[in-house]
Every structure is written in structure tokens, then in C-alpha cells.
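For Lys75, Ser150, the entry in Swiss-Prot reads active site, charge relay system. Residues or ranges marked as active site, acyl-ester intermediate in Swiss-Prot: Ser174.
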Amino acid sequence: MAAFQTAAQLARAVQSGETTPQQLLHGALARAEAVRGLNALVSLNSHAEEQAAAVQGRMQAGETLPLAGVPIVVKDNINVTGTRTTCGSRMLANYVSPYTATAAQKLQGAGAVIVGKANMDEFAMGSSTESSASGPTLNPWDHERVPGGSSGGSAVAVAAGISPVSLGSDTGGSVRQPAALCGVYGFKPTYGRVSRYGLVAYASSLDQIGPFARSAEDLALLMNVIAGHDPRDATSLDAPARFAVGGADSLRGLRVGVIRESLGGNTPGVEAALGATLDALRGAGAVVGEVSIPELEYAIAAYYLIAMPEASSNLARYDGMVYGERVPGGDVTRSMTLTREQGFGQEVQRRILLGTYALSSGYYDAYYAKAMKVRRLIADEFTTAFGQYDVLVTPTSPFPAFRRGEKASDPLAMYAADVDTVAVNLAGLPALSVPAGFEEVDGKRLPVGVQFIAPALQDERLLALAGALEAVGAVQLEMPQD
């Protein structure tokens, strides 16, 4: 496989007989080995060869497969039958999944071949992919810096050319932020648009599977495959849609609202990229204005006061009795204590403790219940803003990739990395990070992203916008040097 070809190009090559699924798989594996030092993947799919052969057989039998032979990487919290699903944790170091997540199953049904599982922050709790039990993932643009998180491995797999597309999960920005820091597209669909069945839960009311890609066409291609109602997920929406890219003409008259609260505290490179993107939109005939969403001031606090309690509940099942690596301790209580002490990393333990505290008697109303009220206010303010504008825009992250270890010992600084993304999850909206430029830091060019937000169930509007931005030259997509 020629690194950095798009999924659409590879699928067409297989469909025309120019190449085979097996050849694409071998190319992806060779590329994964070449960039092994980035630590993007935590495991390879031992069944990939037979899956590639099966795709070839289906093609020969006359099946039309939109992702024919396309190699793909999925985050290590998305279950795939017969592969380890560790969630970046010692707790699940040897867990082999007996079933496949709906999103991954749909990819395989469309002809994709799952190459392996991508590294991640432990249980998706982080913004840097430093807390994984498999070690940190490195940013391909500067190996001394983080790729973002928690889906850092999925972002790096696409940015470094292992696979043209990948799947991650986004609870508070975990697809969009690493996409921005690695210079690729990252899309968070409307909550419920993609089934969560088979996704290991972090915060169930916020989690959403989403794709990474190097082209707008590939985003649309993946969403046409993975979106749709799933009776196995009670939060899944029955809202059929056809995803397609738009042309430059679609920007004429588009109402774009810049969220005023996102304009402070950004680095010069982020400000420049946002400004250039807005100039391109104006030049193509879009109407650009500003809109205020005052309650965003409380988004980070509300997000963590909701996510942490949900995490404390979801992770209660890992006690070594049914789930998790059991540590013997004499009696059951001691064994459970040791299992959780040794199985969970520091950040996961911190969030479980804070979440349990926020739900405890006497504090529930003061913290969790109040955060839920703020969540409702934020959602209402977004609805009001969409009465004036078709899409809203912010930086994806206020800064480019930071150095490894720079924020690891300062939880509040790490949490602030999600300042532009968490509100979208609180409101359940779709959002897209577009690679929008670069900022030079210490002699290295680091990618930055711009985030576009649409009303609920208007996901296709964002993918059409991505294609239009490509058409007017507003997307800055480059390949990092090995």
C-alpha cells in the first residue's frame, strides 16, 4: 500500500483489480513496522490475513463493497472478536473480546480489514495518550510531544500513514483534539448517530464513536457505513441520512458564527489558522459573525462533574471477580482492593474517587445535579445560537501539541486542554475538527485545527462543509516526515 492514499482511492483500486485486500494489508503492516517507535498500535489483528482473503472472495462472488480491502485501525476500547481489548489498562491486560462492536462489524461488512488496535489514554481518561499501560504514543510531527488524547493512537495511525482512516471515541474531545494536534480530520457525530454497542463505557451519556481521516470524502464514506440505528444500543437514533461532500458553491450564503468565548487564550498559530479559515469562508461567500454562549464558562466544570460520576459507576464492575485481572489478597474485600489499586492507573483512580464523592449523600445536589442543570443551559444556548447561524466555529484546541510530561502532573492543566470541545458532548451535537494550519514551536511545525459545530442530526452539513473547505483551499493537510 502506498502510504497516505485515501480509503476511497484504495477501495477503487481493489474494485478495479489494480490491487488486492491482501496487498493492502501487507502494506499497512509494513508501514506500522516502519513507524513502530510512535507506539500508535498496541496489538495487531491475528485474523487480518483471513479477513483480507474473505474480502477477496466476496469481491470475486460479485459483492459490491464500499470499503473493499481498506485497512483500518480501531481504538482499543472498541471490541473486536478474538482480539485483546485492553482500554490502555493493566486491569484488562489479557481480556480477549468474545464479540465485535456494531461499528467495527459494519466496517467489516463493508469490506474493511481491521489491522490492529490503537493506543489510548487508560479507559479514555486523558488528553495526551500518556497514561496507557502500553506506554505513551508519540506525535509524528515532533516525537517529544503528545498526539493528544484519548484517541491518540487512532490519530497517529492516520497521520503516519498506517491506515487511511481509523475509529476513535469522543467523550469530551477525544477524537477532535488529537485530530487537531496530529493534522488530520476528526469527526464527533451527534450522540446516538453511531451505535455504542461494543464500546467500553467511560461516561455513557457523553461517549460517541467517531472517525479520523485524511479527506472529507473518506469521512463521508465511513459515516455512510457506521451510522444508523442499532437495537442493541438503547441510545441509538433512527435517523437515516446520506453523507456526501460539498463543493465551493455550497459556502455561498452559509451563516458561520464564531463563538466569542473561544477567542481568548489561544496561541498565535491557532489564531492565525482560525483567521485564515474565516477569510476563506468569507471569500467563498459565507456570512461570518460572532455569537456569545456565556454558559461555556462553566462547561469544563460541568463536564467533569458529570463524566467522573458516570465513570465511577461504569468502572465499578472491574473488581477481579468477573472483569479485570484479579490480584489475590486473602479475603474477597482485600482482593478487590488490591485489584483496583494495582489495576487502575493514577488518573483513573482520581476520577473514580472524585466521581464517587460527587454522587455521595449530601453532595449529589451540590455537584452532579447542579452540573446537569448547567448542561441543560448550555444545550439551550446552542439552540439559540443555531437560530442565527448554520454552523458555529471555534479553535479545536487553544494550543498545538505540548511536550510529553508537561501537563501530566497537573490535572487541571490537562483538563483545560478540552476547553473548546467538552460543551459539544454536553449538548450531544456533531462537531468536526479540520486541519487548518501549522504553528512553529522550537523549530518544529506543529498542526492546529479549527472546529465546526452543527445542530443535532445535521452531521451531513459538517461533512459537506469539509468538502467545500477542501475545494477553496482552506484545509492544510500535509504528511509528517518519518
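For all residues, glycine too, the Cβ spot is worked out from N, Cα and C.
Shown on the structure are the features that Swiss-Prot records.
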residue : record                               : CB count, 10 Å
Lys75   : active site, charge relay system     : 33
Ser150  : active site, charge relay system     : 34
Ser174  : active site, acyl-ester intermediate : 37
Next item on the list: Could you round the CA separation between Lys75 (active site, charge relay system) and Ser150 (active site, charge relay system) to a whole angstrom and send it over?
Entry: 9
Check: According to DSSP, does Lys75 (active site, charge relay system) fall in a helix, a strand, or coil?
Finding: strand
Note to self: What does the structure give for the C-alpha distance between the residue listed as 'active site, acyl-ester intermediate' and Ser150 (active site, charge relay system)? Integer Å is fine.
What the structure shows: 5
